[in-house]
Amino acid sequence: MATLMSDEVFHDVAYKARNRDHILAAVDEFLDAVTVLPPGEWDPSIRIEPPAAIPSQDTRKRPPEKPNRDEIRDEEEDEKKLREESGYWSDFKDALALQCVASWIFLYFACLSPIITFGGLLGEATGRNMAAMESLVSGFVCGLGYGLFSGQPLTILGSTGPVLVFETILYEFCKKSDWDYMAFRFWIGMWVGLILLILVALDASACVCYITRFTEENFATLIAFIFIYKAVENVLSIGKTYPINTHGDMVLNYDCFCNTTYLSDDYQDLTLGNCTKYNGTLIGPGCDTPHYVPDVFLMSVILFLGTFLISVVLKDFKNSLFFPSKVRSVISDFAVIIAILSMSMMDFLVGISTPKLEVPSKFLPTIEDRGWFIIFSPFGRNPVWTAVVAVVPALLATILIFMDQQITAVIINRKENKLKKGCGYHLDLFILALLIMLCSALGLPWFVAATVLSINHVNSLKLESECAAPGEKPQFLGVREQRVTHILIFIMIGLSVFLTPMLRHIPMPVLFGVFLYMGVASLKGLQFFDRILIMFMPVKYQPDYMFLRQVPLMRVHVFTIIQLGCLIVLWVIKSFSATSILFPLMLVVMIGIRKLLDFFFTQRELKILDDVMPEMSKWKEEDDDDEERRVSRKGRDESDDEDEKPLGIGPSGNLQIPLPNGNIMKIPLASINISEEVNKSGIWKQVNEVNTTAKNIKKKSPGKSSSKSKKRLGSRKDSGTDE
């Protein structure tokens with residue numbers, strides 16, 4: 001503390017400080033300016049002479065300069081060149097790890113079940129024009145193309161709710177208008193692809209800078225909650241199909257028959273299941289009595305919870321105290337696969353007929369007379385002018401696809417993931433546009449970036465440091481960036497038709513447990529979810545998060561409540577089919593709400609809790625600066641070519657290097673004496689003043705002085721020497 005207070009800059013800041021941050025900033029500045037002599041690098045018996053001249057401390061008193069835009073741009077260009085320097089083939093070489101095998105198998109099952117489920121829903125919504133088989137083929141085509149040519153192969157493509165709603169509305173419109181649904185959808189897909197290509201050419205992906213943490217975490221949390229909710233809902237729906245008999249002592253009455261009096265002779269022998277389908281009437285006291293199946297629902301709940309718990313426990317097994325670190329790491333990587341295999345084996349051994357995964361067994365369109373190529377009949381029975389009218393619904397579909405794709409891309413490319421090979425927003429959107437046009441020509445569903453699947457893909461490929469010391473926590477190093485897992489996942493999706501005999505043994509409750517795990521795992525690391533949990537914790541039990549140190553707790557809660565309100569609005573809009581089509585538009589509204597928060601929170605608070613949004617006017621300024629920088633750089637290069645001279649040596653023996661700003665850097669050629677360099681610091685100022693004062697006193701009072709003055713002077717001199 002005495003050393004700190006001896007520095008004039010720290011001395012002034014300490015006396016004028018208003019809060020703790022000012023003191024800490026002064027300490028940091030002092031440590032940046034101080035010179036340290038390690039005990040093992042110099043001899044303490046050697047006396048360091050005071051400096052001949054005290055350097056000025058005015059430079060330390062000036063505020064720090066803002067970073068040069070050229071330096072920031074150079075860093076961004078270096079990051080963009082990293083993927084080019086590493087090469088395309090490094091995305092295949094980096095996949096030579098056992099972790100990638102575990103990620104591939106885990107994501108295969110995680111992608112397969114949603115594709116088949118989405119195909120079933122799509123078949124009901126589109127009159128079986130597109131169903132499970134078309135979804136599998138679309139997953140194969142889109143996944144393989146995106147995995148081979150995209151800029152960010154960590155993003156997983158999948159089916160989304162807004163696209164399903166759009167397809168439902170479009171089919172109902174074509175049905176009422178007596179139009180050919182697939183032909184009209186073909187032209188919509190062509191327009192969507194063309195508009196996306198125009199957006200790529202116009203640099204529209206630059207707008208992702210306005211998608212801050214506020215919007216992306218709202219979106220990610222919503223999708224995670226939907227995964228959790230749907231997983232639980234699907235398990236409970238098994239209980240409705242296979243209800244539990246809670247009246248074991250009661251004799252059940254199943255007397256029921258089908259009344260076909262008003263039907264023709266062809267429908268007189270209807271079964272009870274087809275009675276109401278063909279306008280028959282069920283009559284009898286036992287028609288409403290449920291048909292109980294023993295233990296199916298209970299077994300489904302056990303498989304569901306068992307898969308989830310095994311996945312969670314084994315995923316954290318790498319931090320346990322058992323087995324070597326390599327073994328723990330392998331078990332952690334294969335946690336979900338072990339859970340799927342163990343629960344499927346348990347279901348097989350018990351022998352209860354739980355619901356199983358249903359995969360198409362023939363590689364044919366759902367409607368066989370439809371054919372795979374819609375492009376051969378682009379109009380069908382529709383008028384020719386429908387190709388022009390299709391641009392109107394295409395605009396809405398473009399907004400759906402653009403927002404889904406770019407928000408997921410922003411979440412994957414966030415700085416917390418420490419990605420080194422850069423991102424490819426424009427390239428990804430370009431590839432997606434081509435894939436949508438191809439799927440429209442083949443009559444296949446459109447696939448876009450799936451948030452939860454992409455987050456779990458990144459989490460399954462995370463790299464951590466090895467712990468050497470007991471109790472040391474592993475450090476997050478980054479993500480294994482490669483494209484092999486993405487390619488293999490969707491190759492297996494395409495081959496699933498031929499793996500039907502094996503896949504039909506996997507119980508659906510096991511896959512629902514995987515959905516629950518993915519939803520819970522994707523919430524980990526979201527600051528928004530951490531802030532929600534903090535609202536229910538006493539202050540003394542709250543974790544030591546960075547934002548709690550720098551932002552008042554009440555302001556954190558206010559920000560969280562606003563964000564939670566936006567999440568509830570998004571959930572309500574997505575829950576109703578009539579309004580779910582507006583979901584992507586509400587994400588744009590979220591960006592506007594985030595902009596309004598600039599009037600209620602300081603920029604420092606928003607920088608900690610969220611990200612600072614850029615100003616609209618800065619784009620033109622940066623473009624102008626780029627042009628000026630380009631002209632000045634060109635002129636400087638020409639002048640350097642004309643006036644290029646060898647480096648000279650000054651009269652003092654220093655190497656002189658001219659700098660672009662006009663200054664000259666002088667580097668001494670002689671050996672550097674550490675004592676002389678230390679003398680240039682400001683620590684000896686008080687020592688010189690003491691020595692000068694002592695000499696003046698001796699000159700004024702020659703001879704013997706009073707013992708009192710000698711003692712006082714000696715003590716001051718000793719203190720100066722100690723300092």
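For all residues, glycine too, the Cβ spot is worked out from N, Cα and C.
Per TrEMBL, compositional bias 'Basic residues' is recorded for 696-714.
What TrEMBL records for 1-44 is domain 'Band 3 cytoplasmic'.
Residues or ranges marked as domain 'Bicarbonate transporter-like transmembrane' by TrEMBL: 86-614.
Look at TrEMBL and you will find 45-80 (among others) tagged as region 'Disordered'.
Residues or ranges marked as region 'Disordered' in TrEMBL: 619-656 (among others).
What TrEMBL lists as region 'Disordered' is 690-723 (among others).
Below 8 angstroms of C-beta separation, residues 132, 135-136, 139, 156, 158-159, 164, 329-330, 333-334, 336-337, 340, 357-359, 445, 450, 453, 456-457, 460-461, 480, 482, 484-485, 488-490, 492-493, 496, 503, 506, 508, 511, 514-515, 518 of the same chain, each at least six residues beyond the ends of the transmembrane segment (96-118), sit close to that stretch. The transmembrane segment annotation in TrEMBL covers 96-118 (among others).
TrEMBL lists 130-149 (among others) with the feature transmembrane segment. Sequence-distant contacts of the transmembrane segment (130-149) (same chain, at least 6 residues past either end, Cβ-Cβ under 8 Å): 111, 115-116, 118-120, 122-123, 155-159, 167, 358-360, 362-366, 427-428, 431-432, 434-435, 438-439, 442-447, 483, 486-487, 489-491, 493-494, 496-497.
Nonlocal intrachain contacts for the transmembrane segment (186-213), taken as residues 6+ away from its ends with a CB within less than 8 angstroms of a stretch CB, comprise 170, 374-375, 378, 386-387, 390-391, 393-395, 397-398, 401-402, 406-407, 409-410, 425-426, 429-430, 432-434, 436-437, 439-441, 443, 446, 527-528, 591, 594, 609-611, 613-614. Positions annotated as transmembrane segment by TrEMBL: 186-213 (among others).
Long-range neighbours of the transmembrane segment (296-314) within the same chain, counting only residues 6 or more positions beyond its ends whose Cβ lies under 8 Å from a Cβ of the stretch, are 231, 235, 238-239, 242-244, 331-332, 334-336, 338-340, 342-343, 346-347, 350, 352-355, 507-510, 512-514, 516-517, 520. The feature transmembrane segment is assigned by TrEMBL to 296-314 (among others).
Same-chain residues lying 6+ beyond the ends of the transmembrane segment (334-354) with a Cβ under 8 Å from its Cβ atoms: 102, 105-106, 109-110, 238, 293, 295-296, 299-300, 303, 306-308, 310-311, 313-315, 317, 505-511, 513-514, 517. Under the heading transmembrane segment, TrEMBL lists 334-354 (among others).
Nonlocal intrachain contacts for the transmembrane segment (384-403), taken as residues 6+ away from its ends with a CB within less than 8 angstroms of a stretch CB, comprise 162-163, 166, 170, 179, 183-184, 187-192, 195-196, 199, 204, 378, 429, 432, 436, 446, 448, 581, 584-585, 587-588. Annotation comment: TrEMBL describes 384-403 (among others) as transmembrane segment.
According to TrEMBL, the feature transmembrane segment maps to 424-448 (among others). If one looks beyond the transmembrane segment (424-448) by at least 6 residues along the same chain, the residues whose Cβ comes under 8 Å of a Cβ in the stretch are 118-119, 122, 129-130, 134-135, 137-139, 141-143, 145-146, 149-152, 155, 157-160, 163, 167, 182, 185-186, 188-190, 192-194, 196-197, 199-200, 203-205, 208, 365, 370-375, 401-402, 404-406, 408-409.
Here TrEMBL flags 484-503 (among others) as transmembrane segment.
Per TrEMBL, transmembrane segment is recorded for 510-534 (among others).
The transmembrane segment annotation in TrEMBL covers 554-573 (among others).
Each residue of the domain 'Band 3 cytoplasmic' (1-44) gets a DSSP state, and the totals for helix, strand and coil are 31 helix, 0 strand, 13 coil. Here the transmembrane segment (510-534) has long-range neighbours at 109-110, 113, 213, 217-218, 220-221, 223-228, 230-232, 234-235, 303-308, 311-312, 315, 336, 339-340, 343-344, 347, 357, 416, 451-453, 455-456, 459, 542-543, 545, 547-548, 556-557, 559-560, 563-564, 609, meaning same-chain residues at least 6 beyond its ends whose C-beta is under 8 angstroms from one of its own.
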